[in-house]
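To keep things clear, I will list the structure first and then write my remarks on it.
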Amino acid sequence: MLLWILLLETSLCFAAGNVTGDVCKEKICSCNEIEGDLHVDCEKKGFTSLQRFTAPTSQFYHLFLHGNSLTRLFPNEFANFYNAVSLHMENNGLHEIVPGAFLGLQLVKRLHINNNKIKSFRKQTFLGLDDLEYLQADFNLLRDIDPGAFQDLNKLEVLILNDNLISTLPANVFQYVPITHLDLRGNRLKTLPYEEVLEQIPGIAEILLEDNPWDCTCDLLSLKEWLENIPKNALIGRVVCEAPTRLQGKDLNETTEQDLCPLKNRVDSSLPAPPAQEETFAPGPLPTPFKTNGQDEHATPGAVPNGGTKIPGNWQLKIKPTPPIATGSARNKPPVHGLPCPGGCSCDHIPGSGLKMNCNNRNVSSLADLKPKLSNVQELFLRDNKIHSIRKSHFVDYKNLILLDLGNNNIANIENNTFKNLLDLRWLYMDSNYLDTLSREKFAGLQNLEYLNVEYNAIQLILPGTFNAMPKLRILILNNNLLRSLPVDVFAGVSLSKLSLHNNYFMYLPVAGVLDQLTSIIQIDLHGNPWECSCTIVPFKQWAERLGSEVLMSDLKCETPVNFFRKDFMLLSNEEICPQLYARISPTLTSHSKNSTGLAETGTHSNSYLDTSRVSISVLVPGLLLVFVTSAFTVVGMLVFILRNRKRSKRRDANSSASEINSLQTVCDSSYWHNGPYNADGSHRVYDCGSHSLSD
């Protein structure tokens, strides 16, 4: 028996390859027992692969690998860690899991792969995780999920997929998976079908669906009915309509079947976001993103009726334009100016100006395919196509463009100076694409742009000076991206009136050099970010308080620390958020400012969070010292001045005596040369040199 054990251990070591040894015995990682469980902590060890390491074989353990560089997981990656019961792989930059990577982890019940860069779950991605009950994959770049991705997880109960880029769930994705808790917040879901999706999770006890762009049409009717039939407290949060316009901001549970699916013979009064796209392509005036006096109420996103109350959840800027439905008559219209319209597109005259060319949903893969090139096109719609990149050469013939819609394509690359020829462009839609970086060079030439929509991309970085190329920009839509910070002076030289930053990853925003440049802002949406309610957020809180609720859309909820989780930090006092700062204040000084909760706005990198009515010791002591030094220098200066004046006075007296002696000597000399006494004015003055001594 002993021989068999030795042979088994030898074969395992041989199969493992060049194993360096036990990560605990060789103290490569920190191994400690906590409440009877062994924790193998390999945080931030710089691991790029695990195939050369092993772990204790005599007991079960929790394996912590967060903060390493495990960017790819290959088959049998964890073959030497078969006693692990939980696996934590957060913040590894992980972007690919090769099927078979988890083979050998039959005992793992909890898998944490959140905060990485995973883009897809393929079939057999989780092969080997036979006992998995808990899967956390939030804050990734997840777009595609194979229908068979979870088919091997027959014990999975908790699935956390929030804050990804998921726009749809495939049929039968939950088949044979006993899901009880499902988190889909912060994705791109517009609808959830009942058949082959929702019907497969009958045991649901908790579901989260907030912060998705729900399209409240007939397709969402099945979701509404399903939510009404699950346990009363199963739905956590709200399902808020983002489209159509007439239902935007309304809770799904407050809608009726008639709201979601009006009769066909009734007119749907909702219109897409500015500029409106008419379904029949009838000639009409060029739409604008702002409502002016006399315009139709339905075509004014962001407008508030006179005397009405602005509803935070009904911010019209969130709406994405929807493609118009090209009717048969539109498709068969005669050629414009004797030239045929590009294949599959429809062209119309805009009264008093140029042409409107609609190529929405025409399977266009490149703008170079649009032939023949028409002159004087002012509105170009290319939404819902398959365009992957755009180049400067694509717009050489479109220098008169005023509106360009490239939304919902596959655009990941914008060549520098692509728009340099579009000097008259005022509206640019690039939402629902794959952009990850914005720079000044990409938007060079857009000197008249007023409206830019880049929501629902994968933007992680905005370079300094990006928006300086657009001095007339008024509306900027950046929501539902992957932004964690903004560069200094990002809004310098731009007079934004409306800004959307909701559903990103901001933990705080600096005031100095960023928010303080929004001097013309009238609407800003910041909800759905993981705010860290600590001392660093206090200047931002004060800035938000000055804006007021009529400018700041929606509430701002804390993500951390735990004691403030999901609390609106606008309702928290500064002392609650940053108690250690106020503990340093002199009791005497704080007694005079108990009612003050404002803080000095010095940016998030400063420790001066106190209101101007409060004076800390660190400010008071240097101030008093400065006064003392100034007074001392003043006294010394006065003494020096007095002493100098005295010396000058003595010098003048000495010079006066010397002058008299010289004068007397001159008189005596004069009498000598005249061989007798000198008489001044005859008998009035007589100097007898013989009777005076020069020493007198």
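Glycine is treated like the rest: Cβ placed from N, Cα and C.
The shown structure was predicted, so the numbers you read here are calculated from the model rather than taken from an experiment.
Positions annotated as domain 'LRRNT 1' by Swiss-Prot: 18-57. Non-local neighbours of the domain 'LRRNT 1' (18-57) in the same chain are 63-71, 74, 76-84; each lies 6+ residues outside the stretch with a CB under 8 Å from one of its CB atoms.
Mean pLDDT across the domain 'LRRNT 2' (332-373) comes to 76 in this model. Feature annotation from Swiss-Prot assigns domain 'LRRNT 2' to 332-373.
Per Swiss-Prot, region 'Disordered' is recorded for 268-317.
Annotated repeat 'LRR 1' per Swiss-Prot: 59-80, in sequence order. Proximity of distant same-chain residues to the repeat 'LRR 1' (59-80), defined by a Cβ-Cβ separation under 8 Å and at least 6 residues beyond the stretch ends, is recorded for 15-16, 19, 31, 37-51, 53, 86-105, 107, 112.
Taken through DSSP, the repeat 'LRR 2' (83-104) splits into 0 helix, 7 strand, 15 coil. Positions annotated as repeat 'LRR 2' by Swiss-Prot: 83-104.
What Swiss-Prot records for 106-128 is repeat 'LRR 3'. Residue counts for the repeat 'LRR 3' (106-128) under DSSP, helix first, then strand, then coil, are 0 helix, 5 strand, 18 coil.
Residues 95, 106-125, 158-167, 169-177, 183, 458, 482, 505 of the same chain lie 6+ residues outside the repeat 'LRR 4' (131-152) yet bring a C-beta within less than 8 angstroms of a C-beta in it. Residues or ranges marked as repeat 'LRR 4' by Swiss-Prot: 131-152.
Counting same-chain residues at least six beyond the ends of the repeat 'LRR 5' (155-176), those with a Cβ under 8 angstroms from any Cβ of the stretch are 114, 130-143, 145-147, 149, 182-190, 192-193, 195-197, 200-201, 208, 456, 458, 503, 505. The repeat 'LRR 5' feature in Swiss-Prot is assigned to 155-176.
Within the chain, the repeat 'LRR 6' (178-199) has long-range Cβ neighbours (under 8 A, six or more residues past its boundaries) at 138, 154-169, 171-172, 205-215, 217, 219-220, 222-223, 225-226, 237, 243, 432, 456, 480, 503, 528. Positions annotated as repeat 'LRR 6' by Swiss-Prot: 178-199.
Marked as repeat 'LRR 7' by Swiss-Prot: 376-397. Mapped onto DSSP helix, strand and coil, the repeat 'LRR 7' (376-397) counts 4 helix, 7 strand, 11 coil.
Listed as Cβ neighbours of the repeat 'LRR 8' (400-421) (distance under 8 Å, sequence separation of 6 or more from its ends, same chain) are residues 275, 277, 286, 320-321, 354, 360, 375-392, 394, 427-436, 439, 441-446, 453. Residues or ranges marked as repeat 'LRR 8' by Swiss-Prot: 400-421.
Positions annotated as repeat 'LRR 9' by Swiss-Prot: 424-445.
Swiss-Prot lists 448-469 with the feature repeat 'LRR 10'. Sequence-distant contacts of the repeat 'LRR 10' (448-469) (same chain, six or more residues past either end, CB-CB distance under 8 Å): 141, 165, 188, 213, 273-274, 289, 318, 320, 407, 423-440, 442, 475-484, 486-494, 500.
Within its own chain, the repeat 'LRR 11' (472-493) is flanked in space by residues 141, 186, 188, 213, 289-290, 317-318, 431, 436, 447-460, 462-466, 499-507, 509-510, 513-514, 517-518, 525, 528, which lie at least six positions past its ends and keep a Cβ under 8 Å from the stretch. What Swiss-Prot records for 472-493 is repeat 'LRR 11'.
Listed by sequence, the residues of this chain that lie at least six past the ends of the repeat 'LRR 12' (495-516) yet keep a Cβ under 8 A from its Cβ atoms are 139, 163, 186, 211, 302, 315, 317-318, 455, 473-486, 488-489, 522-532, 536-537, 539-540, 542-543, 553-554, 559-560, 601-606. As annotated by Swiss-Prot, repeat 'LRR 12' applies to 495-516.
Annotated topological domain 'Extracellular' per Swiss-Prot: 18-622, in sequence order.
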Secondary structure split (DSSP) over the repeat 'LRR 4' (131-152) reads 0 helix, 5 strand, 17 coil
